[in-house]
Amino acid sequence: MKVFFIITLIIVLCLCSVHVEGSKGRKFQKKKNAFRIEQKQSRETGEMIVQLKDNVSVEDFVAQTGMVFVRKLKLRKDYYLFKYDVLNHKNGLDSIPVLGLETLAVSYERNKYHDNVPKEYTPSDPLFPDQFHLKNTGQFDGKTTVDVNVSPVWNKGYFGEDITIAIVDDGLYHSHEDLSSNFLMEGSWDYCLDKNDPVGTVNDTHGTSCAGVAAATDGDGACGLGAAPKANLMGRRILCEGTTGAELIEALNDESEGTIHVSSNSWGPTGCTEEDGCTYDEQSQVVKDAIVDAVLNGRDGKGIVFVFAAGNEAEYGGNINQYTYAKMAEVIGIAAINNDGGHSQYSNIGSAIVVSGVSSGFNAKGNYTGIRTTDRASTTSCTDEFGGTSSACPLVAGVVALILEANPKLNYWQVQQILIETATRDNLPTENWIKNSKGYHYHEHFGFGLVDASAAVEEALEWDAEPNFQMFETDSQTVNKNIPDNGGTDNSVSETIQVEKDYTIVGGVEIRISITHPCIGDIAINLESPSGTKIDVVVTHKDTHKDLTDYPLVAKNFYGESTKGTWTIRVYDDNEEDAGTFDSWKLSFYGISDNSEPSPTPTPDPTPDPDPSDDASISNFVNNSLLLSFFLLAIIQFIIF
């Protein structure tokens, strides 16, 4: 019987050696250029994008409206394209009450042309040692380690394999030796010419260079390599004369020919001029809906990760919140940093930037350096003049591919969280960072900092919890107050909204605001959270257009904070002559219910680990009780036998 006692004691000791961690490491949803797109004035197609009600058939719609059925769009939801008589319905949506569309459709929108033209670049002679955005050794008077720190990820064997990046841009020259082995014809499409080959024309250099920054192959002797040199590439050609909204939403949403993991978008409308500054661009609701649907339901329910360039209009006062889609909570907006860690002079600023990537620009010594990547003059040609946020965007898209290879179970929101929590402020300017109540630092030039691929992949390997992610919005608050002319911050219109729900903010806070003013560029807007963190959502800038109507503005600096409490908005007019009114506003929050995960511990400012969760405490108690029981049993057995 002593043998039995010894065996029992050994079992007890083995159990004691097991380290029970419960919800191990869960700290916030985890287990432990030259870029400029010129947009012309939108032109009518004589078509309408319609989402029919469930009880309405295409035949019913045609019979009651007199429109002509064109086709069903390739989307998850049932959207259709109908053509209407331009002569009889020349007012477009103004004629809808006559047509009775409200009783037939869930949503509808005119299908307009989107005329965008990308910046062109000149080919040159790059090599990997010159790709400072991947490995900065101080070349071109840069600062060592100002890069996305991708080499350690490659050393671990992650190259983006089995991850697909869609380059939504102009043509993709897939015959290039640096791109051909990664290119997928299936799933690619030319929306300009309605065919599946997105090669485009000889002038379509932009998309080819973006593809090279994201996923140019290694070891073929041509140019350099991309951040994810074994990732798959799809080409979605939309930047051309005559692309419509219907085609754009298909380019962003369609996965009928293959799964898209990451969507890289180095494009965006702009109305910026030296004389008038930058205007607030109008968002298409159907395009926004297509992005939201892809984030919620794409990639087999885990969500396509959308990466958008922040834009290159800073010299005109450009702000990411004037952009249509780069500012969305469902999108990762990317700013640009030059090779010595400074803000690239062209890169748009603002409260909706998430992180930054290294790109072209003038450094502190006054030297301009471009990005080395693929070009389309021949199958081996390269350029050393690519850049802008156009290059920073696919660079981060490539890093996202590495993250998803390391942990393909991550959803979109988790990828954004990982990028935020692992971003670095090392080698960046130290001034003007805003520290929120949870310890995260934010800068209107850089977002949460420079992407760190190595830290992000290490972090991704520890995450597995599915978050209880939700969006909720407040009721719209009517204000109707005059904004003091030339009032400044000390004489603003200040309003509050009380929020009772207690969620942890992840995707950001969206303001929907209406302001009547003859010169909307005079207006600045500041938002303050219940914990006292403040951010300038927009600042006074050149824009001679009038009014904002239910216009979306996004702030992402409140990451990790609670939604509960009093939110304060301040609207002020910092110029003379023109006066206006603050009409209404409401807030939307993108976050996680506090009963699903513990509070965050920020990466930038390490603090002691949070107390174990209740689940972990219960688990440890149960296991310790079992060990004690085994030990007592062994003693009793020894005494009896």
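Glycine too: its Cβ is placed from the backbone N, Cα and C atoms.
Summarising the annotation, TrEMBL assigns signal peptide to 1-22.
Residues or ranges marked as active site, charge relay system by TrEMBL: Asp169 (among others).
His206 (active site, charge relay system) falls within a helix when secondary structure is assigned with DSSP. Per TrEMBL, active site, charge relay system is recorded for His206 (among others).
In the three-state DSSP reading, Ser390 (active site, charge relay system) counts as helix. For Ser390 (among others), the entry in TrEMBL reads active site, charge relay system.
Marked as domain 'P/Homo B' by TrEMBL: 465-595. This prediction places the mean pLDDT of the domain 'P/Homo B' (465-595) at 92.
The annotation region 'Disordered' is assigned in TrEMBL to 595-616.
For 599-610, the entry in TrEMBL reads compositional bias 'Pro residues'.
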*In three-state terms from DSSP, label Asp169 (active site, charge relay system) for me.*
strand
*Give the distance between the Cα atoms of Ser390 (active site, charge relay system) and His206 (active site, charge relay system), rounded to the nearest whole Å.*
8
*How does the domain 'P/Homo B' (465-595) divide up by DSSP, counting helix, then strand, then coil residues?*
6 helix, 76 strand, 49 coil
*Cα separation, Asp169 (active site, charge relay system) to His206 (active site, charge relay system) (Å, whole number)*: 7
*Provide the number of Cβ atoms within 10 Å of the Cβ of His206 (active site, charge relay system), excluding the reference atom itself.*
30
_Please identify, from the active-site residues Asp169, Ser390, the residue with the sparsest Cβ neighbourhood, meaning fewest other Cβ atoms within 10 angstroms._
Asp169
